[in-house]
Amino acid sequence: MKEFTGKFNVQSAEIGIVVADFNETVTKQLVQGATEMLAKFDLENVDVYHVPGAFEIPFMTKQLLAKKEYDGILTLGAVIKGETDHYDLICQNVASGVMNLNLKSNIPITFGILTTDNIEQAMQRAGLKAGNEGAITAQSLLEMISLNRQIN
């Protein structure tokens, strides 16, 4: 039996990050956590693409996939529940959009888009009290790049 495990050390990987600027107080922290994690593994080929909001993340991710320059793409954002159905529509469509791209792609795409009930939860998940989801999602991306390289 063979077992394959993703490693964090993926030499010379080129990473694309797509981040929504809406809820920028939170998303700046997510980007910082992600880029600091990638820097720990000496990954310097990191490009960050800012989009207005979470809804635009799947489109920009699709554009980056078409460029065929990256070994993996990390998506970051923060959707915070309000008083209307807008939250549910955005969350469902963005998650579906990113998942559909991931399934059709030959490179991994990780989902670091927070969906929270309030700003306090979002700040906690961006590293205020616990781990930074940007960093955690970056680690997941490195593992998936490693696994992808092992099977291809």
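Any Cβ shown, glycine's included, is placed from N, Cα and C.
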Among Phe22, Phe41, which residue shares the 5-amino-6-(D-ribitylamino)uracil site with Ala54, Phe55, Glu56, Ala78, Val79, Ile80, Phe111 according to Swiss-Prot?
Phe22
What Cα-Cα separation, expressed in whole Å, is found between Ala54 (5-amino-6-(D-ribitylamino)uracil binding site) and His86 (active site, proton donor)?
12
Just to verify a number: CA distance, His86 (active site, proton donor) to Ile80 (5-amino-6-(D-ribitylamino)uracil binding site), in angstrom, no decimals.
10
Quick one: give me the count of other CB atoms within 10 A of the CB of Phe55 (5-amino-6-(D-ribitylamino)uracil binding site).
18
When you tally the Cβ atoms that lie within 10 Å of each candidate's Cβ, which of the binding-site residues (Ala54, Ile80) has the highest tally?
Ala54
Other CB atoms within 10 A, centred on Thr84 ((2S)-2-hydroxy-3-oxobutyl phosphate binding site):
8
